[in-house]
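Take a look at the structure set out below.
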Amino acid sequence: MKKGLLIVFEGLDGSGKTTQINLLEEWFKRNKKLVHSTRQPTDFYRNDKRVKDYLEDGIVPNMYSIALLAAADRTYQNEVEIKPTLSKGINIISDRYLYSSLAFFKARGIKYQEIRNINKDIEEPDIIIFLDIDPDKALERVRVRDGKNLRFEEKNDNTFIQVRNNFLEVLPKGKTLIVDSTKDVKLIHELIIKYIEKVEVR
Ligand SMILES: Nc1ncnc2c1ncn2[C@@H]1O[C@H](COP(=O)(O)OP(=O)(O)OP(=O)(O)O)[C@@H](O)[C@H]1O
Ligand SMILES: Cc1cn([C@H]2C[C@H](O)[C@@H](COP(=O)(O)O)O2)c(=O)[nH]c1=O
């Protein structure tokens with residue numbers, strides 16, 4: 001049986017991933033193609049007190065241990081959800097993947113190769129969509145959406161500048177579509193569909 005495609009959305013907080021994933025999921029369903037949406041990190045990582053202490057308040061005794069938790073979360077999710085789903089011929093859309101870890105943890109002081117090493121057992125994505133946005137604009141959207149309820153790093157403009165630069169450095173050029181995410185929502189969706197259709201018929 002033909003494996004499903006692993007399509008990964010990456011971008012800064014507020015770049016429009018959820019908006020585009022919802023449209024893409026509807027497109028798959030309208031076209032009678034099997035699709036499963038998921039996200040990283042999973043709730044295992046998000047609800048861990050050590051992770052919350054950092055994401056919410058910036059408290060972190062050892063950053064490498066947080067990177068390990070993110071890698072454990074991704075590796076486990078790969079074994080129980082991602083790999084078996086792809087093997088059944090079901091396409092997966094993932095809200096964030098390895099590249100978020102690479103971009104965020106590099107900005108938090110962990111070496112690129114270390115993050116790669118601890119994530120070595122995961123499935124390679126077929127398609128990566130990077131929703132590119134100026135960090136100031138992304139933060140503006142997050143502020144409008146979440147009000148005062150911001151994460152620690154969302155309060156620090158410099159982090160997002162570094163994270164965006166890291167994304168542009170680590171994303172594999174051959175399989176990444178970089179889209180200007182300040183464009184109209186529908187237009188971005190059309191660009192994504194065109195790209196996916198090109199890969200599918202290859
Ligand atoms: N192309 C666009 N133009 C203008 N506003 C947009 C666009 N896409 C999304 N938005 C708006 O920006 C905000 C953030 O979008 P969304 O929640 O989809 O981003 P996200 O990348 O999933 O964010 P996060 O990573 O923080 O969950 C929302 O209020 C959404 O309506
Ligand atoms: C995959 C991944 C993500 N993060 C960061 C990136 C974001 O700030 C949050 C996730 O929030 P969202 O709801 O998806 O916007 O976590 C991270 O620190 N490590 C990772 O591996």
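The first residue you see is number 1, and the count goes up from there.
Cβ from N, Cα, C; glycine included.
Unlike curated entries, TrEMBL annotations are predicted automatically.
If you check TrEMBL, you get these features:
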type	residues	note
DOMAIN	9-192	domain 'Thymidylate kinase-like'
BINDING	Gly11, Leu12, Asp13, Gly14, Ser15, Gly16, Lys17, Thr18	ATP binding site
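When Cβ neighbours within 10 Å are tallied across all protein chains shown, the highest count among the binding-site residues Gly11, Gly14, Gly16 belongs to Gly11. Highlighted in sequence order, Leu131, Ile133, Ala138, Arg141, Ser181 have their Cβ within 8 Å of the centre of the Cβ atoms of Gly11, Leu12, Asp13, Gly14, Ser15, Gly16, Lys17, Thr18, the residues recorded for ATP, and are not part of that set.
It is Ser15 that, of the binding-site residues Ser15, Thr18, has its Cβ surrounded by the most other Cβ atoms within 10 Å. Taking Leu12, Asp13, Gly14, Ser15, Gly16, Thr18 as the candidate binding-site residues, the subset whose CB lies under 6 angstroms from any atom of ligand 2 consists of Asp13.
Taking Cβ-Cβ distances under 8 Å and a sequence separation of 6 or more, the neighbours of Asp13 (ATP binding site) in its chain are Ala138, Leu139, Val142, Arg151, Glu154, Phe160. Neighbour density at the Cβ, taken as the number of other Cβ atoms within 10 Å, is lowest among the binding-site residues Leu12, Lys17 for Lys17.
Secondary structure from DSSP puts Gly14 (ATP binding site) in coil.
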